[in-house]
Amino acid sequence: MNQINKFIKNLYLIIITIILIIVISNDNNGLFINGQSLPDGFCPQPLIYRNSTNRKADIDNGYNFVGETNCLLPCPSPLFPKSQWESYFEMSLIMGSISMFASLFLIITYSPLINKKHTRHTVGILCMSIGIFFVMVSDGRQLWDIESPGEYKKYCPDTGRYARQSDTKCLTTGLFFQFGCVTAIGWWSILAVDLWMTIAKKVQTTKKQLLYYLIGINTVSLILTFGPVVKNQYGFGNAAIGCWMLDLKYQYGFFWIPVGICLSVGSVFIGLIFWEIYKISDAVKKRYLKKHIKPLCLIVLMCLEFLYMFIYYSYITANQPTYNKHVAEYIMCLIINAANVPGSYTCQLKTVSPTAQFLFLIAIRLMGLQGLIFYGLTAATKKVWANSWIYKDLLKLFKLFTTKLYNDSSSEEVENSNYSNNNSNYYSSNGYTTGGSDNGVGSGRSDKFTKSSSNGGAQDNNNNNNNNNNNNNNNNNNNNNNNNNSSSLEISGVESNNSTPRVNSPDNLQP
């Protein structure tokens with residue numbers, strides 16, 4: 001009976017497959033199948049079945065249905081293997097974190113907090129760094145929101161559901177990313193114009209004109225950022241590692257066309273910069289190149305990165321029908337092999353090159369690090385920090401610390417010296433001298449104690465008494481006793497009538 005049921009099931013799948021092939025062969029425009037459905041509750045892996053009661057609401061919430069079926073594409077999409085997706089997110093975590101801290105350093109360096117002297121050049125660096133910082137804090141994975149490998153709860157909140165604007169984290173990261181990108185490339189083009197004006201020695205920008213730049217670029221950035229919100233355009237897409245605009249027309253209107261304009265302006269002025277350098281003499285040329293080589297390198301590198309992103313995206317968009325066809329073939333392969341044992345067949349999705357996609361994703365995530373190298377590690381940056389109040393206060397604290405440390409060390413040395421002098425004065429004032437042992441080897445203890453009663457000895461004792469006031473009375477008594485005798489007496493276990501007895505026997509030592 002089981003074999004009969006299995007045969008009927010396989011026959012049913014074969015019939016459905018034949019029908020699907022006929023339908024697809026007559027429909028070249030659809031992503032999958034129009035007006036066709038699979039058996040209820042059945043979806044070949046890795047597709048996910050969903051019993052939808054409100055299909056439109058589910059689509060708006062981020063469920064990506066395959067054609068007219070109840071099958072969902074997994075999240076993240078099968079455009080890339082899971083291992084490739086993981087490498088993309090790990091790259092965003094590492095490079096995004098590095099660029100985030102690098103851009104944060106530039107923001108602090110060129111902010112009014114540290115840099116008191118502002119020019120259009122420093123303001124341009126500051127604003128571009130702010131834009132890059134916004135991009136990095138909204139990247140695929142962040143240091144403060146790291147998920148376990150293989151988990152993408154921020155972008156795939158539920159099984160088979162792609163995050164949408166209604167998800168707070170998705171909307172926040174999407175807004176930050178869009179605002180940061182538009183701001184960064186807008187100020188990049190301003191920096192290209194500024195470098196040309198500096199080298200060509202054109203009219204200097206006034207503070208009023210600089211204020212117009214700030215208001216104009218920020219206003220345009222805010223419009224381009226919040227405009228798509230009206231149409232619920234922010235969400236997690238099939239080939240992204242973060243939330244961004246979903247529909248192609250909004251991507252072009254609110255991002256790629258403005259990017260193309262800024263890219264064109266920047267490229268024109270880069271050409272003018274090289275022309276100005278070409279016209280001047282060799283001696284002056286060397287001086288200008290030495291002075292402006294770092295800003296020029298950064299502007300050219302960012303131009304190449306933005307240009308690659310623009311060309312790559314245009315290529316993907318132009319070949320979208322081809323990729324849709326590949327997706328249809330992939331799903332067809334899954335359906336044909338649905339009756340087979342999982343793992344006994346392989347369905348590969350022919351999509352964009354993983355390497356090209358990796359370069360596309362990493363291009364913008366290098367900009368913070370590049371900004372640090374070409375704008376942060378310069379003599380101008382060193383001068384800004386050297387003149388900052390933070391550096392001066394830290395220098396004062398360091399000097400106070402080292403001075404206190406030196407004074408404490410000197411006080412300790414003085415105390416040790418006084419202690420040694422007091423001990424020496426004590427023994428000298430009592431007329432004791434230490435001698436070596438009989439065998440000539442010093443033992444640290446005296447084998448003989450000698451007391452002098454000569455006038456010279458009295459003078460030495462009197463000199464020592466001047467250094468030790470606490471022993472004056474004892475010294476005077478000793479001196480008087482010494483003066484009453486005309487010769488030295490060596491005490492060897494015998495008391496003298498005119499002197500205090502001293503004993504050299506260990507058994508009879510007195511304190």
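A Cβ is built for glycine as well, from the same backbone N, Cα and C atoms used for every other residue.
Topologically, per Swiss-Prot, Ser92 is found on the other side of the membrane from Tyr278.
Candidates Asn51, Asn422 were compared with Swiss-Prot; the annotation N-linked glycosylation site appears at Asn51. Sequence-distant neighbours of Asn51 (N-linked glycosylation site) (same chain, 6+ residues apart, CB-CB distance under 8 A): Gly41, Asn70.
Mapped onto three states, the DSSP output places Asn51 (N-linked glycosylation site) in coil.
The average pLDDT for the topological domain 'Extracellular' (26-93) in the predicted structure is 79.
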